[in-house]
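Undergrad: Following this message is one structure expressed as structure tokens.
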Amino acid sequence: MPEILHTTTSPADTAGNGPGRIFLVGFMGCGKSHWGRQLAPALGVPFIDLDEKIEESAGKSINDLFAEEGEEYFRQVEKETLHLLTESHPEFVMATGGGTPCFYKNIDYMKQAGRTVWINCSVECLHTRLMKERDKRPLVRDLGEDQLRAYIFRKFGDRRIFYQQADIIVETDDLQLAHLMDRIAHA
């Protein structure tokens, strides 16, 4: 059974009878999209992948946005897309990007609009997953194995303070959908 580090309650939790808006946060490769695609139909709400919506809106891949426009431009588009989607959907499960909570006070916005769930994953697990997916990840695609490990340690350290603000924190080791649903229902 996964270890639950802490649970708090957001003011948005008591609004309405459904699950409301659930934002999955965590480092790239932790499984936000994987768990979101399973969790949303189980809760009877739409699934939204923020990165996919950004790509649809921009008409180009995240990789191309980073390469052509830079990270600052991407983060601004990410914030605007987050707000538009949140304001137009009363209920959903959203997989955010790994950096989404870390810029423009997005973590505060998400906590006000719904519940945030940190999908936490060990550094070794992240390293293994990201080594396999580097070509899809603009921030790590050109890194070697040791460079990637160092990047994960550094970036995870920088971002942890934002992830830790989530309403619900779960460890992905041995995580089962039923347990994730239970944690969200009883938070």
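In case you wondered, yes, glycine gets a Cβ from its N, Cα and C as well.
In TrEMBL, annotation is done automatically, which means it is predicted and not curated.
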Undergrad: So TrEMBL lists G29, C30, G31, K32, S33, H34 for ATP; which of R115, R137, R141 goes with them?
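TA: TrEMBL lists G29, C30, G31, K32, S33, H34 binding ATP, and from R115, R137, R141 it also lists R137.
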Undergrad: Which candidate from R159, R160, R183 does TrEMBL annotate alongside D51, R75, G98 at the substrate binding site?
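TA: Given D51, R75, G98 bind substrate in TrEMBL, the matching entry from R159, R160, R183 is R159.
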Undergrad: Rounded to a whole angstrom, what is the C-alpha distance between G31 (ATP binding site) and R75 (substrate binding site)?
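TA: Pair distance, Cα basis, whole Å: 21 Å.
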Undergrad: I need the CA-to-CA distance for C30 (ATP binding site) versus G98 (substrate binding site), whole Å please.
TA: 9
Undergrad: Need this for a regression test: binding-site residues G29, K32, S33, H34, filtered to those with Cα within 10 Å of G98 (substrate binding site). What's left?
TA: G29, K32
